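Encoded as structure tokens, the structure appears first; notes follow it.
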Amino acid sequence: SWVSLYCVLSKGELGFYKDAKGPASRGTHGGEPLLSLHRATSEVASDYKKKKHVFKLQTQDGSEFLLQAKDEEEMNGWLEAVAASVGEHAEIARWGQTLPTTSSTDEGNPKREAGERRASGRR
């Protein structure tokens, strides 16, 4: 059976709440943890015919969720937002894996010329 919930997409996670006040209270619907969208996929649920504007969200562990938007425009907005969130999460994970570790000393590093500056950071 379908349940109307308020959904919030933030930082690669999807939260389900009873209403718009839920995120402020940090109490998810049924006390469920936030749903990680790491490596999740989403697409129009074209094989689901009972309701309109339904899209499918499948998580990395194979869990599948059917979500219904009020109209096609909202559904497409959710699909774009989920894809962007998954992409951002993958980019952050990729950067975290490829960054070299740094040392608090310059021992073993070539000497810098006077006035030369180096910068490091994350995107």
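Every residue gets a Cβ built from N, Cα and C, even glycine.
TrEMBL does not curate its annotations; it predicts them automatically.
If you look up TrEMBL, you'll see 1-87 marked as domain 'PH'. Among the features that TrEMBL reports, region 'Disordered' is placed at 94-123. Among the features that TrEMBL reports, compositional bias 'Polar residues' is placed at 98-107. The annotation compositional bias 'Basic and acidic residues' is assigned in TrEMBL to 108-123.
Note on the domain 'PH' (1-87): its mean pLDDT in the predicted model is 91.
Residue counts for the domain 'PH' (1-87) under DSSP (helix as H, G, I; strand as E, B; rest coil) come to 23 helix, 26 strand, 38 coil.
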